[in-house]
Every structure is written in structure tokens, then in C-alpha cells.
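Pulled from TrEMBL, these are the features on record:
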type	residues	note
DOMAIN	1-173	domain 'Major facilitator superfamily (MFS) profile'
TRANSMEM	17-38	transmembrane segment
TRANSMEM	50-77	transmembrane segment
TRANSMEM	144-165	transmembrane segment
DOMAIN	180-389	domain 'Major facilitator superfamily (MFS) profile'
TRANSMEM	198-222	transmembrane segment
TRANSMEM	263-281	transmembrane segment
TRANSMEM	288-308	transmembrane segment
TRANSMEM	344-368	transmembrane segment
Amino acid sequence: MLSVAVGWQIYHLTGSAYALGLVGLAQFLPMVCLTLVVGHVADRFDRRRIVAVCMGIESLAAFGLAAVVAVSLAGALSASFAVPAVYALIIVNGAARAFEAPTSATLVPALTPREGLQRATAWSTSANQTAQILGPALGGVCYAIAPTFAFALAAVLFAIGAVLIGRLTLARRVVSRTPVTLASVFSGVSFIRSQPVVLGTLSLDLFAVLLGGATALMPIFARDILAVGPWGLGVMRSAPAVGALAMSVWLGRRPLSGPIGRILFGALILFGLATVVFAFSRSLPLTVAALVVLGAADSISVVVRITLVQLLTPDEMLGRVSAVNTLFVGTSNQLGEFESGVTAGLFGTVAATAMGGVGTILVSLLWMRLFPQLRDMRSLDGSGPEARR
């Protein structure tokens with residue numbers, strides 16, 4: 001919900017695709033700067049409290065955005081001051097997310113038996129996608145009613161989330177507290193490098209989704225190409241989550257089996273094809289259909305990636321490894337939005353989006369050759385030729 005409101009407000013103030021790309025960069029930079037520190041904090045302190053505090057900070061940032069927008073709409077703040085203020089608050093939000101995201105990822109295995117982790121991951125993804133469906137649609141409607149209302153409601157929901165997480169009781173806690181050394185801080189990176197299946201999965205998601213992500217350009221498609229307004233933007237932003245939700249519910253009921261590696265690569269190739277269709281669509285129904293397929297394909301990658309990381313990582317290192325994983329995800333999403341904005345400014349919105357989809361397909365084909373262990377993986381526990389070497 002917050003991302004829809006921020007994207008529309010920035011485009012309203014600037015009319016610039018480049019400015020939309022900077023939104024992703026502002027969210028991404030804190031993640032890059034804090035990743036290694038975040039992982040060690042998550043492994044040494046109460047993970048539940050970390051998440052609750054971060055959501056509280058996100059609530060305050062959303063309230064700040066509401067205030068900036070209200071003052072700007074009243075004419076008391078020019079765009080030259082409002083835009084930097086919005087970016088500053090996005091950076092604060094991004095810093096909180098940098099701590100929250102990897103720490104949240106460690107809560108599911110703390111509550112779930114190992115044998116049920118794939119199903120738990122799929123159902124957790126379903127809950128997340130439900131929020132992504134309702135959030136953008138609600139954000140578009142709320143912004144159409146009143147821009148400040150969208151930001152204020154997001155702030156209230158963050159505050160409620162902080163209270164609920166703070167009341168959570170974990171069945172299992174981290175007991176290993178290694179001393180803080182340079183080696184321990186970088187141990188998450190070292191672990192990922194030692195696991196070719198994990199490295200291949202994370203890097204594949206990084207480059208494929210970085211090239212294929214077109215989320216930042218949706219306000220341009222909604223206003224200038226499809227002419228569907230804020231409500232249409234909300235529907236478009238929700239469409240990938242609809243596909244992802246349907247797929248994650250399916251995976252929760254019927255866990256992946258068979259040639260998992262080839263299923264993963266096939267899903268990402270489908271992701272690229274759906275991105276190309278989205279780029280050239282001039283019909284809202286076709287656009288929504290392409291985005292639904294895109295979301296379903298991406299959901300397979302998400303479930304595989306998260307489950308592999310959680311299964312192959314010792315609990316005492318899970319925070320550090322999850323932090324690196326979050327950096328990869330953030331790179332593919334936030335930095336991908338920046339890349340989309342820059343390429344759209346250079347080549348045009350449609351051409352940039354189509355090139356991104358083709359790039360995703362090419363990266364998937366290249367990774368099949370670079371990571372044969374991942375390509376030949378037979379099951380979601382990492383089994384396959386030399387999966388753990």
C-alpha cells in the first residue's frame with residue numbers, strides 16, 4: 001500500500017521516470033550498507049523484539065510521509081522540498097526494513113518442524129501475497145480518496161503489526177552467541193559460497209528479477225499508456241500478488257517434486273515471457289493477466305529460495321545468511337526499479353520493460369550452464385549431483 005502511494009506521489013510531483021527509479025534506490029541503499037551488521041544482530045538478540053521495533057519505526061516514517069504530503073498539498077511546501085523529504089523518509093523506512101526482513105525470515109523455522117518447512121514457507125508466502133494483493137489495491141483506492149489517508153492508514157497498520165509481533169511467543173530461541181569478529185560477520189557470505197545450490201539460486205534470482213522487474217514503471221503504464229488512473233495502478237500492482245498467492249497456496253497443498261532445478265529455470269523463463277507481454281500490452285485485462293502469470297512464476301522461485309536457505313543453514317547462522325539473502329532480494333527488487341527507471345528514461349518505457357524480460361530469459365539460460373548442480377537438483381532439500389560440494 002505504501003509503495004503505491006509513494007510511487008504515485010513522486011510521479012505526481014516530478015513527472016519523471018528517473019525519479020521513480022530513485023525510489024527503489026532509496027530503499028535499497030540502507031540494505032546494502034547494513035546487511036552484514038543486520039545478520040549478526042539477528043543472531044545475537046531477541047528476533048521478535050527486533051521485528052517489532054522495526055515495524056514501529058516504519059509506522060513513524062509513514063506518519064512522516066503523511067505529514068509531508070499534507071503540507072505539500074496545502075501549498076506550504078514546494079516540490080523542490082517535498083521530494084527530498086519523501087526520499088529521506090523512504091531511506092528511514094528502508095533502514096528499518098533492512099533489519100526487519102532477514103529477522104522475520106528466521107521466525108518461521110523457529111516455529112516449524114524441519115519436515116514441515118516447505119509447506120510452512122509456502123503458506124507464509126501465501127499470507128505475504130495476500131497482503132500484497134490487498135495492499136496495492138487498498139493503496140490505490142485510499143490515494144484516490146485522499147493522498148494523506150493512504151499514508152496514515154499504512155502507519156496505523158505498521159503500528160498494529162508491531163504490537164502483534166511483540167506478543168509472539170517463540171517455541172525455540174537462538175542459544176549460540178559467538179563473539180563479534182570480522183570472520184563471524186562475513187561468515188554468512190562464506191557459507192553461501194560453499195553451497196553451490198544456494199549460491200546459484202540466490203544469484204539467479206538477483207540477476208533475473210533485477211532485469212525483469214517493471215514495478216517502478218507501473219505508474220507510467222497506468223497513467224500514460226493504459227490511462228486507468230490510481231485505481232488501475234492499484235489493480236496492476238495487486239495482479240502479480242494474485243498469481244503468487246494462487247501458486248503459493250497450491251505449493252502449500254502440493255509441495256514441489258520432480259526435477260526441481262528445471263522447474264525453477266522454467267518458471268523464471270516464463271517470468272521473462274510474461275514481462276515481455278506486459279510491456280507490449282495496450283489492454284488492461286491482458287496486462288493484468290500477464291502480471292498474474294508473472295507473479296505465479298516468481299512464487300516458485302521464492303518458495304525454492306527461502307526453503308533451501310532455511311534447510312541448509314544452521315540456526316545459529318540463519319540471521320547472517322538470511323541477511324545476505326535479503327540483500328539479494330532487495331537488489332533484484334529495489335535496484336531493479338532504479339535500473340528500470342534509468343533504462344526507461346534512455347530507451348522509453350515499453351522498450352526498457354521488454355528488454356528486461358528478454359534479459360531475464362537469457363540469464364536463466366546462462367545460469368543453467370554455470371550451475372549444473374542447481375539445474376540437476378531433484379528435490380527441494382538440495383539433493384542432486386554434487387548439491388552440497
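Cβ atoms are placed via backbone N, Cα and C, with glycine included.
Computed from a predicted structure; not experimentally measured.
Along the domain 'Major facilitator superfamily (MFS) profile' (180-389), the predicted structure has mean pLDDT 82. Same-chain neighbours of the transmembrane segment (144-165): 1-2, 4-5, 8-9, 48, 51-53, 55-56, 58-60, 62-63, 65-66, 69-70, 73, 138, 229-231, counting only residues six or more beyond its ends whose CB sits under 8 Å from a CB of the stretch.
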